[in-house]
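Working notes, structure below.
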Amino acid sequence: MNNAIFPNKFKAALAAQQVQIGCWSALASPITTEVLGLAGFDWLVLDGEHAPNDVTTLIPQLMALKGSASAPVVRVPTNEPVIIKRMLDIGFYNFLIPFVETQEEAARAVASTRYPPEGIRGVSVSHRANMFGTVPDYFAQSNKNITIIVQIESQLGVDNVDAIAATEGVDGIFVGPSDLAAALSHLGNASHPDVQQTIQHIFARAKAHGKPCGILAPVEADARRYLEWGATFVAVGSDLGAFRASTQKLADTFKK
């Protein structure tokens, strides 16, 4: 089949601690998402938390990535089983779960993506993810091929990082630098030494549990530093940021 869904190559790459360079997709456009997919990134976050995305906007973007080597990762707006189920049914296999603070919340995210008895995912026999009922052994294969990445972006999450990283079914730990900075009383200043030290601590604890860690780092120097610290999957920019910067540069070239 074209763009075969199993095995999940992104999940395997994370398990093997292979560096994965990604990009954020926030414009909710299948055209810009397709352009990102052609650029050669290993993975793309289709953001459902801070971008204007929902089921109706995400399906065309998944279609736009069909045949691309870039793995689509959906950031859901919240750690809620029904929302996660809907993302599963439209064809996502890689999940970024925001604001996870405890082992119980991490386990809830994992359970939301697994069919019983391993989890609590609701059963539909025909949907986009199983190619409308044509994927053999979809139920068992799906349970084994879902990627769960949890975001740590609060002090409580930092305090519980060991328990979260040790949660069965969690494939990776992702740092939300902006929210983490705010939680540490450095709103708008993720480069503050306290924030950077905490990021390094999270990376170290994830590594101690054999879990890859990731982060969003649109500044090249930051991205390279995080890679040196052991980050495995790093989003190095966004479609919105690239578009804004390039159009501003173009306008400035002729208007100033």
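The backbone N, Cα and C atoms fix where each Cβ goes, glycine too.
Feature list (source: Swiss-Prot):
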type     : residues               : note
ACT_SITE : HIS50                  : active site, proton acceptor
SITE     : ARG75                  : site 'Transition state stabilizer'
SITE     : ASP89                  : site 'Increases basicity of active site His'
BINDING  : GLN151, SER178, ASP179 : substrate binding site
BINDING  : GLU153, ASP179         : Mg(2+) binding site
Inter-residue Cα distance where the pair is ASP179 (substrate binding site) and HIS50 (active site, proton acceptor), in Å: 12
Recorded positions compared (HIS50, ARG75) - highest count of Cβ atoms within 10 Å: ARG75
Those recorded positions of ARG75, ASP89, GLU153 having Cα within 10 angstroms of ASP179 (substrate binding site): GLU153
Chain-internal residues, separated by at least six, CB under 8 A from GLN151 (substrate binding site): LEU96, ILE97, PRO98, PHE99, VAL100, GLY157, PHE174, VAL175, GLY176
ASP89, GLU153, ASP179 as recorded positions, winner by CB count within 10 A: GLU153
Secondary structure of GLN151 (substrate binding site) (DSSP, helix/strand/coil): strand
Inter-residue C-alpha distance, ARG75 (site 'Transition state stabilizer') and GLU153 (Mg(2+) binding site) (nearest angstrom): 14
Neighbouring C-beta atoms (10 Å sphere around the C-beta of SER178 (substrate binding site)): 16
Residues close to substrate site centre defined by GLN151, SER178, ASP179, Cβ within 8 Å: PRO98, PHE99, GLU153, VAL175, GLY176, PRO177, LEU180, ALA182
For substrate: widest Cα to Cα gap among GLN151, SER178, ASP179 in Å: 12
